[in-house]
Amino acid sequence: MIKILGRHLRESFKSLGRNTWMTFASISAVTVTLILVGVFLVIMLNLNNMATNAEKQVEIKVLIDLTADQKAQDKLQNDIKELKGIQSVTFSSKEKELDQLVDSFGDSGKSLTMKDQENPLNDAFVVKTTDPHDTPNVAKKIEKMDHVYKVTYGKEEVSRLFKVVGVSRNIGIALIIGLVFTAMFLISNTIKITIFARRKEIEIMKLVGATNWFIRWPFFLEGLLLGVFGSVIPIALVLSTYQYVIGWVVPKVQGSFVSLLPYNPFVFQVSLVLIAIGAVIGVWGSLTSIRKFLRV
């Protein structure tokens, strides 16, 4: 078996060498396609990561009525915790709320510092849901509870965020699927030309008794090699470009939800995906292209 496989592998390399221009055309088609797939894959996965981080930061701010005593606050906290889909309920004192308000204004916020004046803000509960998409429904339920002064969660911002996240994910998936099928079509046609040039050889092999799979194996391996060779340049570009992008972007967005996936193991996972896609494209193109030539 190993001997036969070695023979088929040698035949595949010889065929690639004999049909230099066809080999170049096939590898070029795979390379261009995988570069596009790689770019969109990196963008889509990072957008998905940013969207997930942004979703995690969605929270509900429940302002507690000033008339609520400690017992009423404890009851309100327990009532919120008992709601379905609640991940956490954290108490935030009005002093902490004031500090956050001052910090949000930067240097100009220093003028808001209270000296001898009473803090006018409310104590609050910061609520996070297990599923960020449940935020609007949970907020409506909390609004109806006793001793709740006001509920805020950035309604318009949250709705806009979920729409952007959904659209970006769908567009990314659609583009990658479309590019993969385009690549399969291009490789199939390219390999058909290669096989057509060798149709006499295939017919002779068939006439002398060679089985269909014996004939298919060299083309199977040839397609596999074309796909793998075609993934080399895209992988090199992904490795080098992503490293540069991380070094340039990360320091500028540190601390925000706009965070890129870490270089390792992300780029190596993407590299494996590109190799796999290239191999599948090449094998699929070879097997579908040779099918009609086996009907002698």
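Every residue number used here counts from 1 along the chain in the order it is shown.
Placed from the backbone N, Cα and C atoms, the Cβ positions cover glycine too.
The topological domain 'Cytoplasmic' feature in Swiss-Prot is assigned to 1-23 (among others).
In the topological domain 'Extracellular' (45-170), the DSSP tally of helix, strand and coil residues is 70 helix, 23 strand, 33 coil. The topological domain 'Extracellular' annotation in Swiss-Prot covers 45-170 (among others).
Here the topological domain 'Cytoplasmic' (192-218) is broken down by DSSP into helix, strand and coil counts: 22 helix, 0 strand, 5 coil. Residues or ranges marked as topological domain 'Cytoplasmic' by Swiss-Prot: 192-218 (among others).
Each residue in the topological domain 'Extracellular' (240-264) has a pLDDT score, and their mean in this model is 72. Here Swiss-Prot flags 240-264 (among others) as topological domain 'Extracellular', drawing on sequence analysis.
As annotated by Swiss-Prot, topological domain 'Cytoplasmic' applies to 286-296 (among others).
Residues of the same chain lying 6 or more positions beyond the ends of the transmembrane segment (24-44) and with a Cβ under 8 Å from any Cβ of it are 168-169, 172-173, 175-176, 179-180, 182-183, 186-187, 190-191, 193-194, 226-227, 229-235, 237-238, 242, 270, 273-274, 277-278, 281-282. Swiss-Prot lists 24-44 (among others) with the feature transmembrane segment.
The transmembrane segment annotation in Swiss-Prot covers 171-191 (among others), and the record cites sequence analysis as its basis.
Among the features that Swiss-Prot reports, transmembrane segment is placed at 219-239 (among others).
Remote same-chain partners of the transmembrane segment (265-285), defined as residues 6 or more beyond its termini with a Cβ less than 8 Å from a stretch Cβ, comprise 26, 30, 33-34, 37-38, 41-42, 45, 180, 183-184, 187-188, 190-191, 220, 222-228, 230-231, 234-235, 238-239, 242-243. What Swiss-Prot records for 265-285 (among others) is transmembrane segment.
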